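What follows is a single structure, written as structure tokens, with notes after it.
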Amino acid sequence: MPEAKLNNNVNDVTSYSSASSSTENAADLHNYNGFDEHTEARIQKLARTLTAQSMQNSTQSAPNKSDAQSIFSSGVEGVNPIFSDPEAPGYDPKLDPNSENFSSAAWVKNMAHLSAADPDFYKPYSLGCAWKNLSASGASADVAYQSTVVNIPYKILKSGLRKFQRSKETNTFQILKPMDGCLNPGELLVVLGRPGSGCTTLLKSISSNTHGFDLGADTKISYSGYSGDDIKKHFRGEVVYNAEADVHLPHLTVFETLVTVARLKTPQNRIKGVDRESYANHLAEVAMATYGLSHTRNTKVGNDIVRGVSGGERKRVSIAEVSICGSKFQCWDNATRGLDSATALEFIRALKTQADISNTSATVAIYQCSQDAYDLFNKVCVLDDGYQIYYGPADKAKKYFEDMGYVCPSRQTTADFLTSVTSPSERTLNKDMLKKGIHIPQTPKEMNDYWVKSPNYKELMKEVDQRLLNDDEASREAIKEAHIAKQSKRARPSSPYTVSYMMQVKYLLIRNMWRLRNNIGFTLFMILGNCSMALILGSMFFKIMKKGDTSTFYFRGSAMFFAILFNAFSSLLEIFSLYEARPITEKHRTYSLYHPSADAFASVLSEIPSKLIIAVCFNIIFYFLVDFRRNGGVFFFYLLINIVAVFSMSHLFRCVGSLTKTLSEAMVPASMLLLALSMYTGFAIPKKKILRWSKWIWYINPLAYLFESLLINEFHGIKFPCAEYVPRGPAYANISSTESVCTVVGAVPGQDYVLGDDFIRGTYQYYHKDKWRGFGIGMAYVVFFFFVYLFLCEYNEGAKQKGEILVFPRSIVKRMKKRGVLTEKNANDPENVGERSDLSSDRKMLQESSEEESDTYGEIGLSKSEAIFHWRNLCYEVQIKAETRRILNNVDGWVKPGTLTALMGASGAGKTTLLDCLAERVTMGVITGDILVNGIPRDKSFPRSIGYCQQQDLHLKTATVRESLRFSAYLRQPAEVSIEEKNRYVEEVIKILEMEKYADAVVGVAGEGLNVEQRKRLTIGVELTAKPKLLVFLDEPTSGLDSQTAWSICQLMKKLANHGQAILCTIHQPSAILMQEFDRLLFMQRGGKTVYFGDLGEGCKTMIDYFESHGAHKCPADANPAEWMLEVVGAAPGSHANQDYYEVWRNSEEYRAVQSELDWMERELPKKGSITAAEDKHEFSQSIIYQTKLVSIRLFQQYWRSPDYLWSKFILTIFNQLFIGFTFFKAGTSLQGLQNQMLAVFMFTVIFNPILQQYLPSFVQQRDLYEARERPSRTFSWISFIFAQIFVEVPWNILAGTIAYFIYYYPIGFYSNASAAGQLHERGALFWLFSCAFYVYVGSMGLLVISFNQVAESAANLASLLFTMSLSFCGVMTTPSAMPRFWIFMYRVSPLTYFIQALLAVGVANVDVKCADYELLEFTPPSGMTCGQYMEPYLQLAKTGYLTDENATDTCSFCQISTTNDYLANVNSFYSERWRNYGIFICYIAFNYIAGVFFYWLARVPKKNGKLSKK
């Protein structure tokens, strides 16, 4: 990577640098005829010198200004670096980012020269920061107990009450105690401290990013005279906080990501003659060249799912983003994580160059800081548990703590020493001072008191006061003028953004179009999917409309209902994409790139084309397949209305997504809206039949007006021939037209047709005059929801973060409160709940003698290794496309009991691959060589005879530490060992790992649970409780940890080795002190080749001697042996080996000694026999039944402790079914009542998708943990895993079904039907069985679709498709008799066919029908006949229907159906088939579960005859 001179320089300087490219240009601009050219040049030079001096005076408080001063006083003018032609005169390849000779340092200096040449145009300025009495507090968790299904309502109620109560005792805890500091322009500050000490909070505080916590009332922060509120409102982009996480839009390329930022930050006062586009492109190219990203220009950034650049490159993209922003005050939170030490050093050097040349300030929090990097900082701040224990010059910090009473060991970096004083287990006290009785501060409070009384503190306060005094009106005005000069013409001067609102929309629109182009497959899939659904749904009604008579009325309404719903809810999944992009939008808002509403505006605009294409494709296919009216005007109005439906609902769902803070929060109201909007469209319940209490829903429902317009459009002005008359038959062949009537609403006696307008007026109360009203109201909703969406995006803040706390089960909290250990006030105090286990003063120091350790461990009785694990000529090859690549190349080695062996090498050397091969964890490729235990090949029990600690700390978040350890012990230790003995062993492991303080704490998630170190200890503990008989593998146990935690973990491994455990551990570039903890080293270079295997020796002398004796340069006394070794073999960035050390190793005496030792092992060790008893060679230590029992108990416990999952299920169930129940309240047995009851049964099933979508992430979470950790270690079988999922999910679904039954069955009035039929108990019980069966069916379908799918979203889409198909062909929306013959098989295989038929029959069968007055058919009987006499032949033929008055002679009122069984027969529902249908539905559930188990085995379970082969 180049010297990396930040693009912050780029924008610092370039933000206002945009001027003349040459002296000649300046001369032309300022030509004055009264002087000759020589005199003019002298005057210009004098003016620049005076201006430069003025600027220097304004920043005189900054100490290191040599580079900046030399630039301003040199008189050298910069040149325009933006070249179109390398052959142009004055071309300098050092300034061309596309040149191999590009120098970012030269580029930054050139831009500084340009700025100095015309300060009136570029408005140079600086920004410092001073803070006084800075303190911060966060909301405490009450709250420090775990939520469960039972206590969550109480917690929510209590939390709500507290918002309305004004109590003296606030529910907060202090994160930062009062502290002070000052950072002048041009200075670099490093913040050091262990995780949880408050480093991140300090950076957020001084960068005015305080969302989630509050600053103290006495806190004073000044940014060159501006307050934090001023910065947030007007100068947000000048103070930037770069978070540790790397979040980017994955489908954008690196160049597209950076050029978008550059466009949004291109200043108005840029280089003269350079347009915005050229300037932005140049900045992006400079950023890529500076950070070694040029080769990734057209590569997607990617993420964990989308393939893109590497993790390290993604981190550099994050750095480049901030660099382009050009802020004057930057805060970097662990920005070097994921970078190797050399790249991290170059990054710090870039910040230093930027500070020196451009007068910027930077604050950097680093966990592992090398000495070279530390020496670049001007100041250092050391934090411990929220206390400031030092702030001042970096070169004086070491002496300060040595004077306090601490000793810095040899070869320990200054940064490590400064943080080590905060760790009782690592720091070394000055024994001479102790002997003299001098008190050495040891607790954070004592160190803070010592600091406040020190002369260093007084010097700091002088500097702070001076800085605050210098922050006058002049400095504020300079910042303001510079900011305004950078802004585009139409940008508000008070706005913190560089470009105007519409320019932001423009650039974001371009970015979004790039996103769509780069992920065009998704758009094409959506188009294809919608076209497919149009073909399927449209073909359901194929040829039905050909008749064109009154028999098509219901189907026309049904098809229109399908159309409006499908168009409207096609945007429901947009909520997912909103939450995918939200973290990026929030990050860019803090960078002051654009308004969140501008991003929302652009996202709406960018999706218009795809939405239109999808809508047009779907509606054209659907319209003409259904055979709606063939009229151009009618068709285009239909299309217009459905497009309005698409956009109105899209904006509505976007509002829901922007109003909520998490995806799970958004899905609940979205699901509720889906139900309410669809039910009150006007088809399920006509407007006139809606109950009074809920009619308001129809009036505010945009879909109701749009559906009204669609029906009016379809039915207006058409005469539909009558398809069926009453009465009819041979006896009525010669009757007059007035003596019969058409059987549909709107029919007029004597007419052989029905006007469409009459039908919709009588059925729906729709009138043609309201046709365009729906369009107008729909458009009004589109506009209204659009602006609401923009407003919510602009002002809705994300979810607040919580301070890092431990969470305990409520029973533990009660116990602690009884003992007085915990109160609400100190519930979140780390020292009370053990957040920092090493802070207790009585903790046993780790520097005990080995003899004492041996005695202690002898009492503990940890498992000891008894066998030697060794391997020889180990090779591993994989097939990558057409190439066979060798990952491991003839690797030899062994691990003996009682030794700690390090496995080292550069990235790509094959360290983790070697561990996976040795541990039998690879699933593909070819392994050759010998892997032996005491000279004998591994058996089936080998995977559970070892411990394997993965780099990722994977644990069940709802379990406590003790429960996690016991679960491992119960399932992995031999079955013969009693539960009591296993429990005792777990307690012993807790003791040796020093986890007593948080043994009952919940694992939780980051910020609310165990911290990084505690999780790593738990990972090791889980493997130790299994009592590994052979050895323990650890993969990068120190990755991502601070140096003190890394040292603590290494000390723990040393303990275990001293007790007789064999340990093989990969480690990435350890410090000199960490290196000394290992006994042996296996060092590999790229290609999986061994370059050293042997003892390290005292101070790594044996290893150093080996390399020095084979041509390596001498290792300096103060060097880190690990870094020196990497440099020697050419594994460090920028280093080159002087020879092939693999060949050196293969020809060395040490190699021959290794081979000799392996020969002896293979010859002698087998004589000892196998260490595994014959009966203990099974794959698992416990039976399948016992495994399933324990896994089920754990899963049930997880559900109980996951109230968000269960309560979401119950709340959705309660709302949906209660809403349906009271919408169809007491539906009755009129024709419309029966129709309502059928639709109520139909709507009962729409909860399918919301319930299923909640289940899938829960399953994926369980599966990921099992497949990543528990399956490879043979903790339990996949059979136990999958059956536990079934056993635990079913009871909760039955409970949800029971809740649904009570709040759905009784309000609708099904019980009244059963009572009238004299079958109250039987039908009530049967309805309950069906209700429970449906919820179990949802769970079974969830298991089926996720069993072979990797991603929950893909499984949800598949399930939604299957459900839509099943629901569409169940016989409700179109009857089987009307369905095309091709689709009859779908009707028969749909599980919902049998469910709805049975549920409808159980709900409404065996009851008399009573028609409403408007449902009666009226006609005149022949003269001299009563209605009864006239209708008698028809009633004998039809066998259904009744007359209201058989003796009437003037007008006959006839109801077409007499019993509910007649109505049920029309939809193929028969009460006699209720149990048959129930049995069939249960068979579908069983099939889903069996298929789910099979597909899981087929797709997810490794097979013995799979892709892995051994030779």
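Keep in mind that glycine also has a Cβ here, set from the backbone N, Cα and C atoms.
If you check Swiss-Prot, you get these features:
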BINDING   GLY905, ALA906, SER907, GLY908, ALA909, GLY910, LYS911, THR912  ATP binding site
COMPBIAS  1-14  compositional bias 'Polar residues'
DOMAIN    161-410  domain 'ABC transporter 1'
CARBOHYD  ASN734  N-linked glycosylation site
CARBOHYD  ASN1447  N-linked glycosylation site
MOD_RES   SER22  phosphoserine
MOD_RES   THR49  phosphothreonine
MOD_RES   THR51  phosphothreonine
MOD_RES   SER54  phosphoserine
MOD_RES   SER58  phosphoserine
MOD_RES   SER61  phosphoserine
MOD_RES   SER837  phosphoserine
MOD_RES   SER840  phosphoserine
MOD_RES   SER841  phosphoserine
MOD_RES   SER849  phosphoserine
MOD_RES   SER850  phosphoserine
MOD_RES   SER854  phosphoserine
REGION    1-32  region 'Disordered'
REGION    52-71  region 'Disordered'
REGION    824-858  region 'Disordered'
TOPO_DOM  1-517  topological domain 'Cytoplasmic'
TOPO_DOM  580-611  topological domain 'Cytoplasmic'
TOPO_DOM  651-665  topological domain 'Cytoplasmic'
TOPO_DOM  794-1237  topological domain 'Cytoplasmic'
TOPO_DOM  1314-1324  topological domain 'Cytoplasmic'
TOPO_DOM  1380-1388  topological domain 'Cytoplasmic'
TOPO_DOM  1500-1511  topological domain 'Cytoplasmic'
Residue, out of the recorded positions ASN734, THR912, whose Cβ gathers the largest set of other Cβ atoms within 10 Å: THR912
Three-state composition of the topological domain 'Cytoplasmic' (1380-1388), taking helix and strand from DSSP: 8 helix, 0 strand, 1 coil
Nearest of the binding-site residues (GLY905, ALA909, THR912) to ASN734 (N-linked glycosylation site), judged by Cα-Cα distance: THR912
Distance, ASN1447 (N-linked glycosylation site) to THR912 (ATP binding site) (CA atoms, angstrom): 94
Collapsed DSSP category at LYS911 (ATP binding site): helix
Surrounding residues of the topological domain 'Cytoplasmic' (1314-1324) on its own chain - C-beta under 8 Å, 6+ positions past either end: 1305, 1402-1403, 1405-1408
For the binding-site residues ALA906, ALA909, the one whose C-beta sees the most other C-beta atoms within 10 angstroms: ALA909
Cβ neighbour count (within 10 Å, all chains shown) around LYS911 (ATP binding site): 24
Cβ contacts under 8 Å made by the topological domain 'Cytoplasmic' (651-665) with residues that lie 6+ beyond its boundaries: 571-572, 574-576, 578-579, 600, 604, 673, 702, 781-782, 785-786, 788-789, 792-793, 796-799, 1204, 1208, 1254
For GLY910 (ATP binding site), the number of other Cβ atoms found within 10 Å of its own Cβ: 23
Long-range environment of the topological domain 'Cytoplasmic' (1380-1388) - Cβ separation under 8 angstroms, sequence gap at least 6: 539-540, 542-543, 1365, 1369-1371
Integer average pLDDT (0 to 100) for the domain 'ABC transporter 1' (161-410): 87
Between LYS911 (ATP binding site) and ASN1447 (N-linked glycosylation site): CA-CA distance (Å): 98
Three-state composition of the topological domain 'Cytoplasmic' (580-611), taking helix and strand from DSSP: 27 helix, 0 strand, 5 coil
Three-state secondary structure, ASN734 (N-linked glycosylation site) (per DSSP): coil
Residue counts (helix, strand, coil, in that order) that DSSP gives for the topological domain 'Cytoplasmic' (651-665): 12 helix, 0 strand, 3 coil
Residues in the topological domain 'Cytoplasmic' (1314-1324) grouped by DSSP into helix, strand and remaining coil: 8 helix, 0 strand, 3 coil
ASN1447 (N-linked glycosylation site) CB neighbourhood, other CB atoms within 10 A: 9
Close approaches to the topological domain 'Cytoplasmic' (580-611) from elsewhere in its chain (Cβ under 8 angstroms; 6 or more beyond its ends): 209, 236-238, 240-241, 243, 245, 247-249, 261, 264-265, 321-322, 325, 327, 496-498, 501, 504-505, 507-509, 511-513, 515-516, 523, 526-527, 571, 643, 646-647, 650-651, 654, 658, 786, 789-791, 793-794, 798
DSSP three-state assignment for ASN1447 (N-linked glycosylation site): coil
C-beta crowding around GLY905 (ATP binding site), within 10 angstroms: 25
